Amino acid sequence: LCCTMSFPLLFNWITIIIIINIIARHDNHAQAISSWSSGMDTYISESWAVLSRMPQPSCVDIPRNFTLCHGIDYVRMRLPNLVDHETLDEAVQQAAPWISLLRLNCHPDTQRFLCSLFAPVCLERAIYPCRSLCEAVKSGCEKRMQMYGFPWPEMLNCNKFPITNDMCIQPHENYQVNKSCTSCNQVGTYENILDHFCRSDLVLKVKLKSVSSNHIVVQKARSIKPREAEANLRQNDVELKLQLTENNENCPCSSAKAHRNKRYLAMAYHGRNGVLVLNLLLPWRKEKQFKKALKMFRKLDCKTLGTQIRERARRERRKKLRAKAKAAAARLGLKMPNPR
């Protein structure tokens, strides 16, 4: 063929073949571009769909049933919170077990720390607790938690939080109270009273004869723990001197007043050299939580106190949920079945 075909004709054939190849390559390239464009459109569409499903930050009032954080020094919180709870109901439910830790009164910034996570303040940008705040609360509460079978959880790992700066929540600067001077600054919660009962050698119902800067003198004592000491105290009308600190330091005890008609719940432990050191001092009260704690003294097993506190918290939550469901059913004209 090449021998018989003239040069101009051969040149034309070569030109046609080249043009066909160029067209074919262009078509393939166009298909590739079209395929890539279609894939990119799908990717962008799917990405926008994912973003649209992500919960956008919103602000809500902290409700009364959010017991852990209601009454803190702000009234509106951000959702989702900093422990990934997307709804208010979820945040309230998951925060409930931490109420017992708050009531142990193991550190004055416990509520500040926990609520910075469960009910963060309503701002445009999320504000995390500082690492120093986490470490302060951990140092005050971890041993108490471990005593009752609660390890410090990974979700509160202090290394997760930022080093102290102006953009995180810091501990209260005005907390300068001597850690050894706490006996007169206790709260009368059920959990705190039982916790101190288990950590005390002597529990008394007393009158105060005198109060000084480093000790109190009690009289007319009725022994609650140990029971066998009660007869001796009553028969001999023994006066007991209780140091306010282990090292007999000055310790302001403004809540203690020597008055003939006033009674106190006093708890103490044996310190060095056998001296009695005051662990807790509270006015004798008629409040519900106080009376419940006193009632528990007779049957309390300190080895399982953590379990008992946890079970009580669960019962309280179930009771509240049932009351809420009953109220909702009443509004709808329905009748709740009796619990078995």
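Quick reminder: no glycine exception, Cβ is built from N, Cα and C everywhere.
Curation does not apply to TrEMBL; its annotations are automatic.
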Inset, instruction - If you have TrEMBL open, could you say which of Cys130, Cys134, Cys184 makes the disulfide with Cys158? - result: Cys134
Inset, instruction - Regarding the disulphide bond with Cys69, report which of Cys59, Cys106, Cys115 TrEMBL records as its partner. - result: Cys115
Inset, instruction - Note down the number of other Cβ atoms within 10 Å of the Cβ of Cys115 (disulfide bond), including every protein chain shown. - result: 26
Inset, instruction - Could you please provide the mean pLDDT value for the domain 'FZ' (54-171)? - result: 93
Inset, instruction - Work out the three-state DSSP category of Cys69 (disulfide bond). - result: coil
Legend entry - Distance, Cys115 (disulfide bond) to Cys134 (disulfide bond) (CA atoms, angstrom): 12
Legend entry - The one of Cys69, Cys158 whose CB sees the fewest other CB atoms within 10 Å, among these disulfide-bonded residues: Cys158
Inset, instruction - Work out how many Å separate Cys69 (disulfide bond) and Cys158 (disulfide bond) at their Cα atoms, rounded off. - result: 21
